[in-house]
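Student: The feature compositional bias 'Acidic residues' is assigned by TrEMBL to 306-323. Under the heading domain 'Ig-like', TrEMBL lists 22-82, 107-205. Residues or ranges marked as region 'Disordered' in TrEMBL: 304-355.
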Amino acid sequence: MFVNLEVKAVIQSVIMEMTEETVTCSSYNIYPVPQVTWATDPPSAQEALENSTIKTTDHKGLFNVESTLRILGNLSNYTYYCSFIAADKTQVWIASWKNQEGIIQEEGLALSIPCIALDSSQNFSLTWTFTSSTEPTVILRYDTKTRHSFNLWEGQAELDQDLLLLGDGSLLLLKPDIEEHSGTYTCTHSGLQSRHIIQTKVNITVASIIVDDRSVQRSWWSTAASVAFFLFTITLALPQCARQKALKTRRASQRYNGAGFVEDGLHKHLNTTARYIIGPHGDECNGTQIKFEAQDELAGCTPNTAEDETEALPEATEEEQEENPVGPLVEGNDGQPSCSVEREEFENIEPVHTS
């Protein structure tokens, strides 16, 4: 009597790896040797999926199978599937790899990195790894069967538990940082006889300054209101300043027309009530002209023209005109009005009293 013993080693797992040019699927310690097939999504012609499969045996007679396929086009153009089919067709292991388009996000703004399961299995485990300039780091793991979870980035990243039970294992970065969260994120969804990998490159950038239209409008109105208030204030202040200046000038004129003024320690008297003053040559000059000469001497300059005289002397009020009437000019011996008084002789002028 003969006994036929059949040795069988089932497929335990399938490991999938991708480089810039190739994607590789491998499985170890299998007997008998399995069949390996490739597919893509979107579908590709079979001639484009020519692969190189290497089968080796260990000291126990178990097979190690490694199959490599060349990348078609860009990395993100296709999802690659490899299937390990047992010799008796009782077991099929499927693995897939998808490179998603890179994501660019400003720092501080919440970001969701997609990871949607390709099968509807309720019992699976989800693992998120992060790779920057160092070795890959497991940042989050969750097992739906045991409900066990691990989160290395507690407070920085999380999963939506409700969506997770529906096969959506997308990772939510709450406040991504440029230095800490820029890199490659790999989501691995492992089922009973499947493994699906989705890889995404994330670039966190400096937050831009966003100017709200309402803020700009408020700023514009605030500036316009400030300018209007400033102009309104100037409009009110200028006439008042002009009146105050004119009043000061008039008071100064009245003070100079009064008891006298002091210059170089000498007290010089002017007669503001006399109608006429006799000049050194017997000519008459009115008090207004004398007053002008006195003011001019105070200023240190002599008006050159009649216009300058008008500007230098403030207008007299009606009362001043009544109190100090201006008499006619008396012509000198040469026929010209003799109204000027020599400055150096001005000190000798004495008030003339009328009866």
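A Cβ is built for glycine as well, from the same backbone N, Cα and C atoms used for every other residue.
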Student: Count the residues of the domain 'Ig-like' (22-82) that DSSP assigns to helix (H, G, I), to strand (E, B) and to coil, and report the three numbers in that order.
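Tutor: Across the domain 'Ig-like' (22-82), DSSP assigns the residues as follows: 7 helix, 36 strand, 18 coil.
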Student: Using DSSP, tally how many residues of the domain 'Ig-like' (107-205) sit in helix, strand and coil.
Tutor: 8 helix, 49 strand, 42 coil
Student: Over the domain 'Ig-like' (22-82), what is the model's average pLDDT?
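Tutor: Mean per-residue confidence for the domain 'Ig-like' (22-82): 94 out of 100.
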